[in-house]
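Student: Next up is a structure, given as structure tokens.
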Amino acid sequence: MAQPYPPAQYPPPPQNGIPAEYAPPPPHPTQDYSGQTPVPTEHGMTLYTPAQTHPEQPGSEASTQPIAGTQTVPQTDEAAQTDSQPLHPSDPTEKQQPKRLHVSNIPFRFRDPDLRQMFGQFGKILDVEIIFNERGSKGFGFVTFETSSDADRAREKLNGTIVEGRKIEVNNATARVMTNKKTGNPYTNGWKLNPVVGAVYGPEFYAVTGFPYPTTGTAVAYRGAHLRGRGRAVYNTFRAAPPPPPIPTYGAVVYQDGFYGAEIYGGYAAYRYAQPAAAAAAYSDSYGRVYAAADPYHHTIGPAATYSIGTM
């Protein structure tokens, strides 16, 4: 049992904040540890001296090493399988993605069921589309397979085959590159302020008195549409029409051009020299004002109330 130690003797607290001198503490009694202290046997503890060695049990290490070896080997295999598991499912996932094929040079009589029947033997098809315009089939289309592996097999088998005398081509469909188009339009209603373009694309917008613009029929059908070169029919329609008779106040003379002014719009020369009968009763100055010959003051006090100005 532990021996009780006497309490240490400390001096009384200092008076008036002046520390007092501490006396050295009494020495603690030392205990001799050279011998062994008897311990009650009911605790079941045994003390060993440093010179005594532990008895080695034969076969303890041999039995421990195989157990440790058998435990570490399965852990290594499981770790390797865990690392390799994310790599294997990635390949089937890529193969399961849909893939679209571009089929060109197909017969013009082919429709969607015909194209589906041709490619359906290689796998499940999600979508079939043949491109048409107003005249019919354009000779190409698209086939979308559920898996890319089926699409690759169909492309290898059908590319270059002859179908009704036409060699079809099957390739992987690629996304179309979209260019940035200018959306700003400085003109009203999308019409350009040009006489020829206006007559072709918007004849009713540039209509002038005395000019037979085709505002119905073919022109109305193409109004506001993307013509893509189809305006020749409209242009030829009003080009083939006979020129209108000249108007005395040259209302039809809008563009005094050497070509259009003489052929289409009547021209200023037709007004000046093709009216001998009208010139006898009335004459006009260079500004298009027509004065009556009976007015005695037409040349002194200005134009009379009977003059008219040509419509523009």
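Placed from the backbone N, Cα and C atoms, the Cβ positions cover glycine too.
As listed in Swiss-Prot for this protein:
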- 1-104: region 'Disordered' (REGION)
- 1-29: compositional bias 'Pro residues' (COMPBIAS)
- 49-87: compositional bias 'Polar residues' (COMPBIAS)
- ARG100: site 'Interaction with RNA' (SITE)
- 100-175: domain 'RRM' (DOMAIN)
- PHE108: site 'Interaction with RNA' (SITE)
- ARG109: site 'Interaction with RNA' (SITE)
- ASN133: site 'Interaction with RNA' (SITE)
- LYS138: site 'Interaction with RNA' (SITE)
- PHE142: site 'Interaction with RNA' (SITE)
- ARG166: site 'Interaction with RNA' (SITE)
- ARG176: site 'Interaction with RNA' (SITE)
- ARG223: omega-N-methylarginine (MOD_RES)
- ARG223: asymmetric dimethylarginine (MOD_RES)
- ARG272: asymmetric dimethylarginine (MOD_RES)
Student: Including all protein chains displayed, how many Cβ atoms other than that of ARG100 (site 'Interaction with RNA') lie within 10 Å of its Cβ?
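Tutor: Its Cβ has 17 other Cβ atoms within 10 Å.
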Student: Distance between ASN133 (site 'Interaction with RNA') and PHE108 (site 'Interaction with RNA') at the Cα atoms, whole Å?
Tutor: 12
Student: Taking the Cα atoms as reference points, how far is LYS138 (site 'Interaction with RNA') from PHE108 (site 'Interaction with RNA') in Å?
Tutor: 7
Student: Between the Cα atoms of ARG100 (site 'Interaction with RNA') and PHE142 (site 'Interaction with RNA'), what distance do you get, rounded to the nearest Å?
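Tutor: About 7 Å separates the two Cα atoms.
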Student: Are there any residues in the same chain, six or more apart in sequence, whose C-beta is under 8 angstroms from the C-beta of ARG109 (site 'Interaction with RNA'), and if so which?
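Tutor: Those within reach of ARG109 (site 'Interaction with RNA'), by Cβ under 8 Å and sequence separation of 6 or more, are SER137, GLU164.
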Student: How would DSSP class ARG109 (site 'Interaction with RNA') in three states?
Tutor: coil
Student: Between PHE108 (site 'Interaction with RNA') and PHE142 (site 'Interaction with RNA'), what C-alpha distance do you get in Å?
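Tutor: Here the two Cα atoms lie 14 Å apart.
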Student: What's the CA to CA span in angstrom from PHE142 (site 'Interaction with RNA') over to ARG166 (site 'Interaction with RNA')?
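Tutor: Cα-Cα distance, PHE142 (site 'Interaction with RNA') to ARG166 (site 'Interaction with RNA'): 17 Å.
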Student: PHE108, PHE142: which of these recorded sites has the highest Cβ count within 10 Å of its own Cβ?
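Tutor: Of the recorded sites PHE108, PHE142, the highest Cβ count within 10 Å belongs to PHE142.
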